């Protein structure tokens with residue numbers, strides 16, 4: 001792309017020679033940022049220390065607030081990202097108590113512009129990487145970034161004994177970000193919240209000869225399932241993907257790992273979960289599938305919360321952290337990937353609207369538009385986790401039940417693209433004049449859970 005394009009919601013999109021964006025970390029945040037910046041006409045250099053785009057995980061949900069961004073790609077077609085092998089074709093999200101009584105069935109339709117899709121995480125990352133490569137974006141794997149630098153006019157990194165120069169650096173290097181401390185001057189110690197998470201996804205053939213587990217697959221030819229069970233101090237989600245080709249399950253249980261590990265996720269047998277389920281009336285039903293998890297297919301991690309950073313942008317204004325590097329989430333709100341994608345879209349828009357001579361302004365406006373929204377969702381995710389693990393199904397207070405935090409409308413229905421175009425000038429004025437900026441993408445009362453907020 002060498003000529004200017006136009007955007008009906010903004011000014012002319014500049015040629016790639018006008019701006020070079022270096023992106024460190026090619027997970028969901030980094031790959032989406034690479035694609036969004038490429039769509040604006042910028043030159044993108046993507047760097048990833050791993051040899052490929054594979055990432056551990058089971059199922060990730062991309063709700064309407066992020067899917068509407070991806071839907072703008074490829075002339076409005078999602079065919080390049082979505083196929084039967086990487087999605088869960090569910091018709092309802094079903095919630096149960098520990099006795100197996102269904103408490104809620106939320107109709108689910110992937111074509112609903114608010115609800116979005118459930119993906120196999122590895123499949124989604126592979127699709128994003130493939131699409132970025134098809135666009136001709138310069139993605140470099142197996143590259144270790146050693147340091148970051150900026151001047152008044154440029155920013156860049158030192159990687160594999162090479163100095164790489166651009167107009168700005170976007171660090172999307174995840175929860176264990178090396179860039180965070182360098183760019184923001186902050187590197188807060190994550191707090192262990194006393195919960196251990198387990199997750200797995202494996203070929204459904206592993207349970208094909210287990211009669212007690214066939215309930216998981218009985219409707220697989222027509223639809224996948226997604227069941228969540230909430231008991232005191234333990235929650236379990238189990239279901240299928242790709243029309244029954246895969247079984248996935250995840251569990252969060254209050255407690256602590258006996259050993260501390262440097263890696264954030266460790267292979268582990270499912271035995272601790274099977275032990276927890278022994279006291280559940282519905283436990284044997286769930287254990288029938290979980291017990292057949294193949295060796296090496298279950299992973300455990302201690303859940304740790306990271307407090308909101310005071311700032312995301314470097315002192316010189318040419319480097320920024322996004323995604324988990326800026327605001328990691330506990331898994332309960334299901335918004336980690338979604339907010340990373342929102343970050344990426346807003347980044348591209350702010351660079352476009354600020355212009356190439358105002359890169360520091362662009363990055364600081366990104367922070368203004370995004371910081372309070374993601375900070376509130378971080379807080380709400382912790383509140384949701386307490387509700388899920390308390391499992392107060394019989395409480396007279398609706399706010400205490402596990403159903404209280406499902407699908408908050410202000411989160412899922414948000415259009416960050418329209419919002420960024422509408423609010424850019426107000427946020428830019430706040431940055432330039434040192435004014436307070438009042439965000440319009442969070443509830444006025446500043447609370448995550450809204451009384452009538454569920455979709």
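Placement of Cβ uses the backbone N, Cα and C atoms for every residue, glycine included.
These figures come from a predicted structure and were not determined experimentally.
The transmembrane segment annotation in Swiss-Prot covers 11-31, and the record cites sequence analysis as its basis. The FAD binding site annotation in Swiss-Prot covers 48, 61, 121, 324, 337 and rests on similarity to another entry. As annotated by Swiss-Prot, N-linked glycosylation site applies to 75, with the evidence given as sequence analysis. Look at Swiss-Prot and you will find 199, 229 tagged as active site.
In the three-state DSSP classification, residue 229 (active site) falls within a strand. Of all the binding-site residues listed here (61, 337), it is 61 whose C-beta has the fewest other C-beta atoms within 10 angstroms.
The shortest Cα-Cα distance between residue 324 (FAD binding site) and any of the recorded positions 75, 199, 229 is the one to 199. In the three-state DSSP assignment, the secondary structure recorded for residue 324 (FAD binding site) is helix. Geometry remark: residue 229 (active site) versus residue 61 (FAD binding site), CA distance 18 Å. For residue 229 (active site), the number of other Cβ atoms no farther than 10 Å from its own Cβ, over all displayed protein chains, is 26.
For the recorded site, residue 121 (FAD binding site), the DSSP three-state label reads helix. For residue 199 (active site), the same-chain residues lying six or more positions away in sequence with a CB closer than 8 A to its CB are 57, 58, 248, 249, 250, 251, 298, 299.
Between the listed recorded positions, namely 48, 75, 121, 324, the fewest other CB atoms within 10 angstroms of a CB are found at 75. It is 23 Å from the Cα atom of residue 61 (FAD binding site) to that of the residue listed as 'N-linked glycosylation site'. Residue 75 (N-linked glycosylation site) sits 24 Å from residue 121 (FAD binding site), counting Cα to Cα.
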